[in-house]
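Annotated in TrEMBL:
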DOMAIN    49-152  domain 'G-protein coupled receptors family 1 profile'
TRANSMEM  35-57  transmembrane segment
TRANSMEM  69-93  transmembrane segment
TRANSMEM  99-119  transmembrane segment
TRANSMEM  131-149  transmembrane segment
Amino acid sequence: MSDDYSSSLFSDFDSEEQKYWLEVLDVVDSICNNLQYTTLIVSIIGIVCNLFHLLVLSQKSMRGLTINAFLIGIGLCDLIRMTCVVLIVGPYINAYLQTVPLGCLGPPLYITMVISVFGNSTEKTCQQLSVWYGVTIGVLRALVIRYPLNSK
């Protein structure tokens, strides 16, 4: 990084502290740049595992319990969320793997931008839905423990 940038970023520190914090900044920056690729791999593994989870929960014998219905909802939300992550990160991976120099890449296609906007909004919505499904399961279980049903 340039000296002007480091002096403005860490103006209250001496040169040794500036050097240390610039090294920390470089490490964090490299981790953040590679995090989207790790997210893609985790999402692909999660999609496969979640498909198995939904396959088991959608069996006729499993659909009768209320908790399993909520678990199916959580599984669907997570599956949609991870699919959106793959759709969002995919074009960036493609651009990274192209042999064109980074400065020569053209702007993203319109469909890529639409998928990114739709994917981001769908991902956030499914994240919130998944949390509310979990909260509902917790409330239902607390109600059942507090007010048990007649076993006869």
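Every residue gets a Cβ built from N, Cα and C, even glycine.
Using DSSP to sort the residues of the domain 'G-protein coupled receptors family 1 profile' (49-152) gives these counts of helix, strand and coil: 81 helix, 0 strand, 23 coil.
Beyond the ends of the transmembrane segment (69-93), by six or more residues, the same chain brings 36-37, 39-40, 43-44, 46-47, 50-51, 53-54, 57-58, 63, 108, 112, 115-116, 119-120, 122-123, 126-127, 129-130, 133-134, 136-137, 140 to within a C-beta distance below 8 angstroms of the stretch. Per-residue pLDDT, averaged across the domain 'G-protein coupled receptors family 1 profile' (49-152), gives 85.
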